[in-house]
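Peer 1: Dropping a structure here in structure tokens format, bear with me for questions.
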């Protein structure tokens, strides 16, 4: 929360391009030329590969980076079990999957001294982390910067800030994410989160499955949606710190801790494509109708985690960014829907065009597969009678985690005080308008 951290965050340099083969060195000459693991790595460093995919996965899907570090990652004492806090991991068996529509207000204020990891609160998810399938929805609310380091062996983390800026100090370098931006931390990458404001709040998608990638564009063509060039990767930056550093590792659903005698954020140079990124959601190139009808929300996909069935995602990350609505003879808000996919929605700022009230920044809603949902009565009545002039939607930024499997809520989410008890009421006032004579 210091001014120094804010100044550091705002002055960062970056590499650009999602999925690129990046290379960076914090000290000239630290990156070996022409080979990955020379007999003696430059500057007395250790060469180490971090694999985000199996060695033999197809080249287009292969993720790995080579790190050149002061100490090898293997140089640490045994890990011991730590308290999981409010973090839960798939398979989710505390409650039964629920077909009811659910909506939550924002998380309550945490106790003083709560850092990013301590402020994680699991809402629910699906799949099995040990089988590398499925996902989890977490929220976070923190009021203290981390003085420990965290890594997640169970999946990659898509962090969606809603309030308060974050400075992520990773093995690859530093990244800065504000509300309206997202940060993607690959599986196994160590990092620490500094808060840039008095507190920070937001959402996290923990993806146990295939790494997120840009969606195929099909008939859209070569351009549109999220552009690869707008994703920012860090330049190398390292900590040369001797002394006790706590490292927390999430492994098969549990937290484990060890005290290193040095900082593990000691990578002086690196190259590869298994790297963290940030992305500004306002750069999303929104596509939509210029004739009639509301397009399916897949047109708003930023990133997708593919499954073994083409087009059927383990999880999609979708954003409803500022856009124009111009459809003629069209009900312009999102339509009434029953979906084979399950949808968790969150709100970063403003309002969402399908809900007049109750869906607030920091809150969220869950509509499991085949659970009917759509605009509330006020939105339906207003949109059905609206004059169809071109309309700019620029007062809100909502997103969705959409997944192929039902999302089972955790016990803490199903019983939370901030769970709205009467969410179904938003649809109860919808009137009968049927007139057979028409």
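Glycine is no exception: its Cβ is also placed from the backbone N, Cα and C atoms.
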Peer 1: Among 337, 418, which residue does Swiss-Prot name as a further Fe cation binder in the site formed by 343, 373?
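Peer 2: The one candidate that Swiss-Prot places in that Fe cation site: 337.
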Peer 1: If I go by Swiss-Prot, the feature region 'Disordered' sits on one of 16-40, 41-65. Which?
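Peer 2: When 16-40, 41-65 are checked in Swiss-Prot, region 'Disordered' belongs to 16-40.
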Peer 1: Taking only the Cα atoms, work out how far residue 373 (Fe cation binding site) lies from residue 352 (homogentisate binding site), in Å, as a whole number.
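Peer 2: Taking the Cα atoms only, residue 373 (Fe cation binding site) lies 14 Å from residue 352 (homogentisate binding site).
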Peer 1: Go through 337, 373, our binding-site residues, and report the one whose Cβ sees the most other Cβ atoms within 10 Å.
Peer 2: 373
Peer 1: Sorted by position, what residues of the same chain at least six away from residue 352 (homogentisate binding site) have a C-beta under 8 A from it?
Peer 2: 320, 345, 359, 396, 398
Peer 1: State the residues, same chain only, that lie 6 or more residues beyond the ends of the region 'Disordered' (16-40) and have a CB under 8 A from a CB inside it; answer 'none' if no residue qualifies.
Peer 2: 47, 49, 66, 68, 172-173, 213-214, 226, 228-238, 268-273, 275, 277, 279
Peer 1: Within the same chain, and leaving aside 337, 343, 373, name every residue whose CB is within 8 angstroms of the centroid of the CB atoms belonging to the recorded Fe cation site, in sequence order.
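Peer 2: What remains near the Cβ centre is 334, 338, 339, 367, 371, 372, 374.
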Peer 1: Does anything in the same chain, at least 6 positions from residue 294 (active site, proton acceptor), have a Cβ under 8 Å from its Cβ, and if so what?
Peer 2: 327, 330, 331, 332, 333, 334, 335
